[in-house]
Amino acid sequence: MCCWPLLLLWGLLPGTAAGGSGRTYPHRTLLDSEGKYWLGWSQRGSQIAFRLQVRTAGYVGFGFSPTGAMASADIVVGGVAHGRPYLQDYFTNANRELKKDAQQDYHLEYAMENSTHTIIEFTRELHTCDINDKSITDSTVRVIWAYHHEDAGEAGPKYHDSNRGTKSLRLLNPEKTSVLSTALPYFDLVNQDVPIPNKDTTYWCQMFKIPVFQEKHHVIKVEPVIQRGHESLVHHILLYQCSNNFNDSVLESGHECYHPNMPDAFLTCETVIFAWAIGGEGFSYPPHVGLSLGTPLDPHYVLLEVHYDNPTYEEGLIDNSGLRLFYTMDIRKYDAGVIEAGLWVSLFHTIPPGMPEFQSEGHCTLECLEEALEAEKPSGIHVFAVLLHAHLAGRGIRLRHFRKGKEMKLLAYDDDFDFNFQEFQYLKEEQTILPGDNLITECRYNTKDRAEMTWGGLSTRSEMCLSYLLYYPRINLTRCASIPDIMEQLQFIGVKEIYRPVTTWPFIIKSPKQYKNLSFMDAMNKFKWTKKEGLSFNKLVLSLPVNVRCSKTDNAEWSIQGMTALPPDIERPYKAEPLVCGTSSSSSLHRDFSINLLVCLLLLSCTLSTKSL
């Protein structure tokens, strides 16, 4: 008669398989290519909850890794064995050895198993302050996953063989609350049978005509249309507004971008109106903002620029990828704009070889923002999303914001940047940019495995340092960037004089003797770079005057364009709030202890009752 209370209490213990947790998971993604491993997640204050649904009757593994490999990873393993759920917190050391974590920070909420699938739901704190756990921030996380047909035993989980993988995600991207109709009209801007050359990098440009609208419409969602099997080939897509002074003859055929023989019409396409990069999904504008079409100020012709990345020089590739734009006649309050901020893509952007860390900065200067905003919108513009962009050497990007010498909260950041995963970050709160503010796109690179200089450029082996700001209301400012002074960079390696007038590119060194008649690129590569020299060079570059780029639509420029400016004096750097360690571990232990104590008391009560009979 005393056994039934124990069974009831067992159903109350954490990890019971009695039923679902009742939680909702607004974010969901497939981790494998066969539809076997689904991940759902949801942030709740200082905690994050996960739901794993996997086609297996054995254990399920999940975790976070600094590189996507098993070394130095934060791992949790769970399942249902003999009708009883389990969940264990593990970690791996630098040698990929799996060890049980002394501080168990993952807490089982629900587990279920049937003949084909296992479902596990669990929570953890964003910041556990356990050295073996990965803190979860707004940055990219490299999720690792695995499963096995057998459950984990007392000795730990068996090796998962090929049932494993990795995927980069941003777990704390704010939820998109607006629900869009599935019947929205759309049009496609998609390349037709583009032959991809057998070289590592190709930029392909094709002009399109926007459908003719008799009245104003708003684009409210943009999705990538990537040809199946080309997910790693198509690295990023930019959509530019072109001059409206054309006829349809410009639509006849595409051409390789930035090529001497490309059509002159392409040169009028300077205003970025949308950007997508590898790993990103569709983008929905906020409920009060849309991309305007149908008015005289809106694009009639656009240029689709697709960056193809073919590092294996594969031959015979034909691509049909592009963008799909969903639109509505239900006009929203504001028109969206895009500002490209950061380092102007140029050979003057230099990164020495062999550097475990090197920092570059691109300045959207107060002079440019002062002139453009005072003329267009003195009350300021409101940023609601940011795309951070770099290439293979990129390790971290931050978009910093300054006002009158004071550093504001970061507009956007990704301290674990992944070249293969770049998407717009929705800001948790819209941020206002005022006349006279400064923006700095700060990029961190690693060139330890490179023997020669890395230059700013279009190739994925070259580098970029850019931020694309989505904002409203739209103003006539499309690019706010900078170029560092090259002569002072060359003086660092001992260059004294170049041949003038400059008639070749890259230009040629005249003196000293060791660099005579070398291009400035060859001279920089000839210099004997050490880590110490690289650090000194980095300090110099960050202090150099910059050439201002401040562009309007239709290749027009603000008057500040081409002038020289100094990096801002930062009187009051931003102090981020310290991370607060979660308490779920202690509260869970207290809860478990209380329930176990109650179980013991009931057992004792049953025993005494039996003896008294």
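Cβ atoms are placed via backbone N, Cα and C, with glycine included.
Per Swiss-Prot, the candidate among Met329, Met355, Met453, Met464 that belongs to the Cu cation B site alongside His389, His391 is Met464. Of the residues proposed, His149, His160, His300, His307, the one Swiss-Prot records at the same Cu cation A site as His235, His236 is His307. Candidates considered were Cys465, Cys480; the recorded disulfide partner of Cys443 in Swiss-Prot is Cys465.
Disulfide pairing as given by Swiss-Prot: among Cys205, Cys242, Cys269 connects to Cys242.
When you check Swiss-Prot, the disulphide partner of Cys480 from the set Cys364, Cys581 turns out to be Cys364.
A disulfide bond in Swiss-Prot ties Cys368 to one cysteine from Cys205, Cys550, Cys581, and that cysteine is Cys550. DSSP assigns Cys368 (disulfide bond) to a helix. Around Cys465 (disulfide bond), the same-chain residues six or more apart in sequence whose CB sits under 8 Å from its CB are Gly342, Leu343, His349, Ser360, Glu361, Gly362, His389, Ala390, Gly394, Ile397, Thr441, Glu442, Cys443, Gly456, listed in sequence order. For the pair Cys242 (disulfide bond) and Cys257 (disulfide bond), the Cα-Cα distance reads 14 Å. Per-residue pLDDT, averaged along the topological domain 'Lumenal' (20-592), amounts to 92 for this model. Taking every protein chain shown into account, Cys269, Met464 are the recorded positions, and of these the Cβ with the most other Cβ atoms within 10 Å belongs to Cys269. Comparing CA positions across the recorded positions Cys257, His391, Asn476, Cys550, the one lying closest to Cys269 (disulfide bond) turns out to be Cys257. DSSP assigns Cys465 (disulfide bond) to coil in the three-state reduction, placing it in neither a helix nor a strand.
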